[in-house]
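Enquirer: One structure is given below, represented as structure tokens, and several questions about it will come after.
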Amino acid sequence: MASTIARTEERQNAGTMELKDDTVIIVLGASGDLAKKKTFPALFGLYRNKFLPKGIKIVGYARTNMDHEEYLRRVRSYIKTPTKEIEEQLDSFCQFCTYISGQYDKDDSFINLNKHLEEIEKGQKEQNRIYYMALPPSVFTTVSDQLKRNCYPKNGVARIIVEKPFGKDLQSSRDLQKALEPNWKEEEIFRIDHYLGKEMVKNILIMRFGNEFFNATWNRHHIDNVQITFKEPFGTEGRGGYFDEFGIIRDVMQNHLLQVLTLLAMERPISFSAEDIRDEKVRVLRAMDAIEPKNVIIGQYGKSLDGSKPAYKEDETVPQDSRCPTFCAMVAYIKNERWDGVPFIMKAGKALNEQKTEIRIQFRDVTSGIFKDIPRNELVIRVQPNESVYIKMNSKLPGLSMQTVVTELDLTYRRRFSDLKIPEAYESLILDALKGDHSNFVRDDELDASWRIFTPLLHYLDDNKEIIPMEYPYGSRGPAVLDDFTASFGYKFSDAAGYQWPLTSTPNRL
């Protein structure tokens, strides 16, 4: 009787229990770009640091027809091995990697996959399976049906990791959710937004609620405006066909930047449990109106000023009449007691002057009187590269006068934590999926609320053919009107600080 109750409770908690043994990770789309750049390097990183469950097995599945040796050769090519030790660890990692080829819409293919899984699961007490869908959204529904019908474990836990995009607007997102609902419980679905796995994004809650001096000033009475900025120094460069279908708003802002906004704006959760955190994020989204077109500017990059870099429309995969925005700046408002009237300025663009993702919180002006035009305080969180936090503050310039100077309290992670490795976002998120921790994954109602905010704007831009994005040069800061746009919502730029971020060579970790 007791064992029956225990098994029942375990089934009820299947979505949140940690998978320690008898686990197989199946990478669907194993020959694709995402698996190559992110999934396999992340799995190897977890293996190197001994975070994968004991006896883990990794199965690749894709349409590409290749034998076991060719598959292992590809896996090896995905992972950098700068030392002999890492090369030996990769050899060991490859010993539990296997591959099966098949179609995404054929029962026979998935029956064959299930036979392979059952073969490598022989002797296990349970069949715990994580299906990582590194696939284009066009096959999500078909593959979901096939997995449930032919590959769902008889005795064990099943989880499915789904990559963005989760639709193109509110209706398509709901259609996708309805397609997944018959096959998968919400607790079995892990919707990845890899920005939620980034170290500095995960640090937002600790900074906010673990430091009283931040918590006390985190409101409309002290904060004038918030900027969340995403900049890439490269264009589409041959991948314009995919990007043109979605654009910068769907690709970056509706998901990555909005997720950061919810963490910045949410109230203190009851606990750090996944549901309590996500409940508070949803409350923020429900307090936001749809983005108004008057609070938006869009741009599309042209040639660089020296002519060395091509314009967006010079990409052979991009239609010549494309109106797809490669840059956007917009302002959102949250209608609640804490944030009413505070503009949240989100900016994102390709082919800009630098690689940077940062959060810039600008506080209100110092009460006038003894100071004249003294610069505002700012809290800046650098998400990437060079993960850092610094506070711009006013201080007395050493000497006999009472002259003020802007200085900074600077926490640069690579200096302060030089002996610690900052994990890649995908490593962190795959580990969370193994643990059954949904905190850093997107819930269904959260997804629905986010699309409600963006869909009217997206339809407005899609339907009004006369709206043409402003051209900006490849390698610039964006459209020429950008500074006036941010200033119109209260942002005050001051060069009194003369602050220059330390430039160091860092890998692109997007």
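Cβ atoms are placed via backbone N, Cα and C, with glycine included.
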Enquirer: Of the residues Lys164, Lys178, Lys335, Lys396, only one is listed by Swiss-Prot in the D-glucose 6-phosphate site with His194, Tyr195, Leu196, Gly197, Lys198, Glu232, Asp251, Lys350, Gln384. Which is it?
Expert: Lys164
Enquirer: Swiss-Prot records Lys356, Arg360, Arg382, Tyr390, Ile391, Lys392, Asp410, Leu411, Thr412, Arg477 as NADP(+) 2-binding residues. Which of Lys347, Lys372 is assigned to the same site?
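Expert: Of the residues offered, the record points to Lys347.
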Enquirer: I need the most crowded of these binding-site residues: Tyr195, Tyr390. Count other C-beta atoms within 10 angstroms of each C-beta and give me the top one.
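Expert: Answer by Cβ density within 10 Å: Tyr195.
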Enquirer: Where Tyr390 (NADP(+) 2 binding site) and His256 (active site, proton acceptor) are concerned, what is their Cα separation in Å, rounded?
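Expert: A Cα-Cα distance of 22 Å.
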Enquirer: Report, in whole Å, the straight Cα-to-Cα distance of Asp33 (NADP(+) 1 binding site) from His256 (active site, proton acceptor).
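Expert: Approximately 20 Å lies between the Cα of His256 (active site, proton acceptor) and that of Asp33 (NADP(+) 1 binding site).
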Enquirer: Please give the D-glucose 6-phosphate site's span as the largest CA-CA distance among Lys164, His194, Tyr195, Leu196, Gly197, Lys198, Glu232, Asp251, Lys350, Gln384, to the nearest whole angstrom.
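Expert: Largest Cα to Cα distance for the D-glucose 6-phosphate-binding set is 22 Å.
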Enquirer: Rounded to the nearest angstrom, how far is the Cα of Gly29 (NADP(+) 1 binding site) from the Cα of Gly197 (D-glucose 6-phosphate binding site)?
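Expert: With distance taken Cα to Cα, Gly29 (NADP(+) 1 binding site) is 21 Å from Gly197 (D-glucose 6-phosphate binding site).
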Enquirer: Find the longest CA to CA distance in the recorded NADP(+) 1-binding set Gly29, Ala30, Ser31, Gly32, Asp33, Leu34, Ala35, Lys36, Arg63, Lys164; express it in Å as a whole number.
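Expert: 21 Å is the greatest Cα spacing among the residues binding NADP(+) 1.
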